[in-house]
Amino acid sequence: MAAEREPPPLGDGKPTDFEDLEDGEDLFTSTVSTLESSPSSPEPTSLPAEDISANSNGPKPTEVVLDDDREDLFAEATEEVSLDSPEREPILSSEPSPAVTPVTPTTLIAPRIESKSMSAPVIFDRSREEIEEEANGDIFDIEIGVSDPEKVGDGMNAYMAYRVTTKTSLSMFSKSEFSVKRRFSDFLGLHSKLASKYLHVGYIVPPAPEKSIVGMTKVKVGKEDSSSTEFVEKRRAALERYLQRTVKHPTLLQDPDLRQFLESSELPRAVNTQALSGAGILRMVNKAADAVNKMTIKMNESDAWFEEKQQQFENLDQQLRKLHASVEALVCHRKELSANTAAFAKSAAMLGNSEDHTALSRALSQLAEVEEKIDQLHQEQAFADFYMFSELLSDYIRLIAAVKGVFDHRMKCWQKWEDAQITLLKKREAEAKMMVANKPDKIQQAKNEIREEIEEWEAKVQQGERDFEQISKTIRKEVGRFEKERVKDFKTVIIKYLESLVQTQQQLIKYWEAFLPEAKAIA
């Protein structure tokens, strides 16, 4: 049967019909001798013809040149398709490619060969996101901790100093690990510098912890008690979270003031950070003025995205405040429960000591010990409620205030642009009136002056439009990054919080199961 079949000539210009080869069993038995007698082709012959001809930039079926016999197609059928073939180059170079250094080639090539219905822009957009994620991962290779609070000085001149430790592999820093001492006003000074640089152009600057005059006064003049120790620990944890959020921002991380704060052993004294100073009063006045201006500005919002986001953040702010109040009440409830449990344990122990029945006395003593352990569990859970959940809500209430702040700056930018347009219109109207007036002796000089003013205000209008478009673009990007971080933070904290609850309940079960035999032993 194989002898009767003659292979068609390869130069007849017809594409290979693989349906005619289905019954050719002898094709496969002759491949070994064919391979031995034929030199290897410089180009891979294992590419299917339909894959090559599917692309308009690739060679036509008539241009596919096999070595000696078409049986070589099947002889190499077990080899993998080479993605480095020159015949594949037109497919990959038909469109401009973004920078794909961090991404392996298979992530870009494989989908385009196997799934022709997928459009190239989708692949490139997805690769760009992957590149950005990997780049962000490298940028955020930095760990910051705030520890060792230490009281420096005596009386009202005393202050708390904290050790800020940084571990990083970023080349922008001189060392991979370093630590410095910073006081609370240094943190406030850092935030003030960053806010003055980046807030008005649309960047969300994480807010620093708020001052507490009452709490710090207790630390300065009072003795070390539980309330002052708790206040210092709360502030230490808040400062640590503030720095961690700040260095996560790729733009803020590049700022020289932040690097100086983390590296420099000595910092210039931060000024204008006192709550009751003249600068503090001026800040309160400016906030009140901004609130009044916000009510008077009537912005015609043409972008539905900004209108929707502003409403979303308003609702989110209200719900977070309600939840924060509920969690604060829960923390107080657990502390009260802990105190009542401790009182119950003390009463049970006293009753056990006065009991004459041996088994009952022993059971009451064991019950008192269990209640003391449960009291400790309630205290630990109250701390978990506060440091895990309540502080997260408090941080995001302040962060949403910062988000609202960039929206307000966008409104101010629009108002500045709008004022420039109104002034330009008035200047043009004045020029038109001047042209109508019949005063040739004064018109030329005035015309030149008004023309210079018009050109100046035209430049201001163009600059205002560019500034408004730029801040809108920046805010869109910042809000997207903020939403990702918010979801990630809440997921992490909720999981840790639930794990702490589960651990507490499991420990409670162990305590009561261990006490149960003592109760049953009463006879």
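Numbering starts at 1 and runs along the chain as it is shown here.
Placed from the backbone N, Cα and C atoms, the Cβ positions cover glycine too.
Listed in Swiss-Prot:
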| type | residues | note |
| --- | --- | --- |
| DOMAIN | 140-269 | domain 'PX' |
| DOMAIN | 299-523 | domain 'BAR' |
| MOD_RES | SER97 | phosphoserine |
| MOD_RES | THR101 | phosphothreonine |
| MOD_RES | THR104 | phosphothreonine |
| MOD_RES | SER117 | phosphoserine |
| MOD_RES | SER119 | phosphoserine |
| MOD_RES | SER185 | phosphoserine |
| MOD_RES | SER277 | phosphoserine |
| MOD_RES | LYS473 | N6-acetyllysine |
| REGION | 1-104 | region 'Disordered' |
| REGION | 278-295 | region 'Membrane-binding amphipathic helix' |
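Here the C-alpha separation of LYS473 (N6-acetyllysine) and SER185 (phosphoserine) works out to 33 Å. Here the modified residues are SER185, LYS473; the one with the fewest Cβ atoms within 10 Å of its Cβ is LYS473. DSSP states for the domain 'PX' (140-269), grouped as helix (H, G, I), strand (E, B) and coil, give 65 helix, 28 strand, 37 coil.
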